[in-house]
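Going by TrEMBL, these are the annotated features:
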COILED    234-289  coiled coil
TRANSMEM  12-32  transmembrane segment
TRANSMEM  44-73  transmembrane segment
TRANSMEM  104-123  transmembrane segment
TRANSMEM  143-163  transmembrane segment
TRANSMEM  192-214  transmembrane segment
TRANSMEM  306-325  transmembrane segment
TRANSMEM  367-397  transmembrane segment
TRANSMEM  409-429  transmembrane segment
TRANSMEM  488-512  transmembrane segment
Amino acid sequence: MAAQSFLSESLLGWSIFTFILLVILAFCWVYIRKFQSRQESEVVSTITAICALAIALITSALLPVDIFLVSFMKYPNGTYKEWAANNETRGQIEDTVLYGYYTLYSFILFCVFLWIPFVYFYYEERDDDNVNKCSQVKNALKYTIGFAIVCVVLLLIGAFVPLEAPPGQNSTQWEKVQYLFEELGSSHGLPALSFSISSLTLIGMLAVITYTAYGMSVLPLNLIKGTRSVVYERLENTEDIDDVEHQIEKLKSKCNDGRPLSSRDRHNLQELEGKLQVLRRKGRHLEIAERNCCTKVGSALRPFKILLGIFFILVALLFTVALFISNLDKALHSAGISSGFIIFGTNLTNPLNELLLALQPVFPLDYILITVITMYFVVTSMAGIRNMGIWFFWIRLYKIRPKKTRPQALLFLCMILLLIVLHTSYMIYSLAPQYVMYGSQKYLVQSQMPSAGPTSGNATLGTTRICDAEAPEDQCTVTRSYLFLHKFWFFSTIYYFGNWAFIGAFLIGLVVSCCRGIGRGSYESSKWSKQQMWGNVLCHKGVT
């Protein structure tokens, strides 16, 4: 009976994960195809982008499964379920989740250091028409080897940096080396992988501060403010056409008496004629967009978008307040920098952590909420990258535009999302530390109370408490994600200060988003740049 219960409940958790996996694959295919350039699309870059984005989203979906499995080992009264009463069975479940993290994090290392760099440099070399296929592969491999060396160095550092005190000075060199290899074998390579992932997470932290913080402000405000209507755009375009036609007629009237136009007037006339053609093409596109069903549906859903934008901005403010309280709690009650600002449990009331704990009795609301929080960070990160583009310091490398994004830009996009997802796990831990560490687990505390009956003696009473650091080790199971996040204290210290930077970046982005005007519609942003470029080429040919 216990084995059957274990099988059914474990199957439930992994069935939910499988369903999410299929949804993620479908979403990745639609998302990449939406932004992919139709003129420069390639099979290899498309498959690479879809797989990398899928790995990023699947990794983010594993955290709710991790919390779900450790929580489902216990009843609400704090006792273990029949199938989880055995330590060996609990160990198997923990190992299953741990191997899931091993697999996905290894895929992330493979994508970041090998697969994506090779495909990116392959297409960079393709831009040179004088390079053949063989040279493209050689040059791409040459650059990729540099990334592979960095990965190997990170793994070696993580593998052989001792986390505990090494043998004393009287030990021989062989004993010290033997100690390092025993540490590596006993931990099953966890420090090596954790150090490499934590190093990438530092880069992901910078991406979260840059893109996610801005996306959390720009996404809801764009939904609230909306975009210019097609009718307004057509009216404005018609006025521009009338103005340009009037200027052309004014210039042509100068030669009515037979005198030729000056070189300056001819140049202005050619520019105005090119601009007129662009505006007329723009008008035809706007006319088609006005008759489009999607435009009409979008107009009908305008109230829903406003409500969704208000909801998103409230969620963003909730996350910011929860993150501020969590950081303040660490600043006041942790052991400081030397401990990585790590605290066990919560000393200040964290609204998001309390909300997750309050939803525990109503299955599966708490797991749905933690999944929504995870996907919210991913969606806002995509919105931030979509609005800002891809930057290297002050240099804009690529724009992300529907049906016009180059293969290299899509590869950059997916790599950034991979790094963001790595840091998202720590962000969620900061928002709800106690819940992410133990889930909804409770444990039973036995206490002796004097009996009130005629017989003297003490009665044993059991009280239920939520799992925290004070709980006995055999009564509460820590999630595997927590072990990855806090293997090295100095990374936790950097993440702590990164959270403060994230709060500041969000507030700045919120002010910037509020000051910006209403943006153009998607039909406008996807087509006008091409028409404007064509008009400039036309004018240039006219001058020459």
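Note that Cβ sites are derived from N, Cα and C of the backbone, with glycine treated the same way.
Predicted automatically and left uncurated, TrEMBL annotations should be read as such.
Keep in mind that what you see is a predicted model, and the values were worked out from it rather than measured.
Of the Cβ pairs linking the transmembrane segment (44-73) with the transmembrane segment (488-512) and spaced 6 or more residues apart, fewer than 3 are under 8 Å, so the two regions do not touch. Outside the transmembrane segment (367-397), and at least 6 residues removed from its termini, the chain residues within Cβ reach (under 8 Å) are 16, 20, 31, 56-57, 60-61, 63-64, 67-68, 207-208, 210-216, 218-219, 222, 315-316, 319, 352, 355-356, 359, 409, 412-413, 416-417, 420-421, 424, 427-428, 431-432, 435. Across all of the coiled coil (234-289), the predicted model scores a mean pLDDT of 78. Non-local neighbours of the transmembrane segment (488-512) in the same chain are 163, 191, 194-195, 198, 201-202, 205, 208-210, 212-214, 216-218, 221, 316, 320, 323-324, 326-327, 330, 337-342, 423, 426-427, 430; each lies 6+ residues outside the stretch with a CB under 8 Å from one of its CB atoms. Between the transmembrane segment (104-123) and the transmembrane segment (192-214) there are 3 or more Cβ pairs closer than 8 Å, counting only residues 6 or more apart in sequence, so the two stretches are in contact.
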